[in-house]
Amino acid sequence: AHSCPQAGEIVRSVVAQAVARETRMAASLMRLHFHDCFVQGCDGSLLLDSSGRIVSEKSSNPNSKSARGFEVVDQIKAQLEKQCPGTVSCADILTLAARDSSVLTGGPSWMVPLGRRDSRSASLSGSNNNIPAPNNTFQTILSKFNRQGLDVTDLVALSGSHTIGFSRCTSFRQRLYNQSGNGRPDMTLEQSFAANLRQRCPKSGGDQNLSVLDIVSAAKFDNSYFKNLIENMGLLNSDQVLFSSNDKSRDLVKKYAEDQGVFFEQFAESMIKMGNISPLTGSSGEIRKDCRKINS
């Protein structure tokens, strides 16, 4: 508020331009924040390129060929460095950009606590091990959330961010052709939805082909994601298990499907909680000048 009062406005305007150019960018920026926070806390580690002793998290399974939006972060950083050099961390940029991405697509807003600093390290193994995978079981996903201090309510609410954005064929192919390793599709998938997906995602090839995560309103942040799960039309296995594998999460899915306001309120609360995972403060870390590399 004092050292860089224009920070919020700068982030918002760059994100707004990026989302106006390509709606999908809102989901991509939100995902960057999530993939950053689940590895070493919300410290901007995901943004570092490989160099010297740093092995980038960008090449991990969850990020390779799919994490995107880095150039938008670069643009925000460049403007902030002009306005108030050495003041706003890359970690804070990711947190603000995620909130603005929600608001720009019709989702909730929230007050973002600021003052994180940037890490001087990255963790490729942390990225490979900590971020839930689309084919993980419900229990595995919940354990990965619990490890970060997040509970089943946070898991279901934060999964609701899949109301916007796309996923690659490689992330849901097993549900269409070989769900349990027996050469048979996931029979819980709604049949016409599955047939539709098979056209976009063949048995082999087309790994990068995209399908919308929310078949009803892919560009709008709303609660239709949860309504889809009740109809067995969640795209990823990790989406559908929220409804099919656990009583408590099933009840939450129904609650958010019935009441968008309740979902929005919980989403905002869970995003603040996620944004507070092990931040670097005080004299820990640094404020990077360039989000891709540590200050020399």
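The chain as shown is numbered from 1 upward.
Just so it is clear, glycine is given a Cβ too, placed from its N, Cα and C backbone atoms.
Within the same chain, the residues at least 6 positions away from HIS35 (active site, proton acceptor) whose Cβ sits under 8 Å from its Cβ are LEU46, GLU57, PRO62, ASN63, ALA67, SER127, ILE131, listed in sequence order. Sequence annotations record features per position, and here TrEMBL assigns active site, proton acceptor to HIS35.
Residues or ranges marked as Ca(2+) 1 binding site in TrEMBL: ASP36, VAL39, GLY41, ASP43, SER45, GLU57.
Annotation source TrEMBL lists substrate binding site at PRO132. Taking Cβ-Cβ distances under 8 Å and a sequence gap of 6 or more within the same chain, the neighbours of PRO132 (substrate binding site) are THR140, ILE141, LYS144, PHE145, SER238.
Residues or ranges marked as heme b binding site in TrEMBL: HIS162. Applying an 8 A CB threshold to same-chain residues 6+ apart, the list for HIS162 (heme b binding site) reads LEU213, ASP214, TYR225, LEU235, LEU236, ASP239.
Per TrEMBL, the feature Ca(2+) 2 binding site maps to THR163, ASP214, ASP222. There are 27 other Cβ atoms within 10 Å of the Cβ belonging to ASP214 (Ca(2+) 2 binding site).
Annotation comment: TrEMBL describes CYS4-CYS84 (among others) as disulfide bond.
Shown in sequence order, GLN148, MET274, GLY275, ILE277 are the residues of the chain, 6+ apart in sequence, with a C-beta less than 8 angstroms from the C-beta of CYS37 (disulfide bond). The feature disulfide bond is assigned by TrEMBL to CYS37-CYS42 (among others).
Here TrEMBL flags CYS90-CYS291 (among others) as disulfide bond.
As annotated by TrEMBL, disulfide bond applies to CYS169-CYS201 (among others). For CYS201 (disulfide bond), the same-chain residues lying six or more positions away in sequence with a CB closer than 8 A to its CB are CYS169, PHE172, ARG173, LEU176, ASN209, SER211.
What TrEMBL lists as domain 'Plant heme peroxidase family profile' is 1-295.
According to TrEMBL, the feature site 'Transition state stabilizer' maps to ARG31. Close to ARG31 (site 'Transition state stabilizer') in the fold, though at least 6 residues off in sequence, lie ALA67, GLY69, SER161, GLY165, each with a CB less than 8 Å from its CB.
In the shown protein chains, 29 other C-beta atoms lie within 10 A of the C-beta of THR163 (Ca(2+) 2 binding site). The most densely surrounded of the binding-site residues ASP36, ASP222 is ASP36 (count of other Cβ atoms within 10 A of its Cβ). Around VAL39 (Ca(2+) 1 binding site), a 10 Å sphere centred on its CB holds 27 further CB atoms from the protein chains shown.
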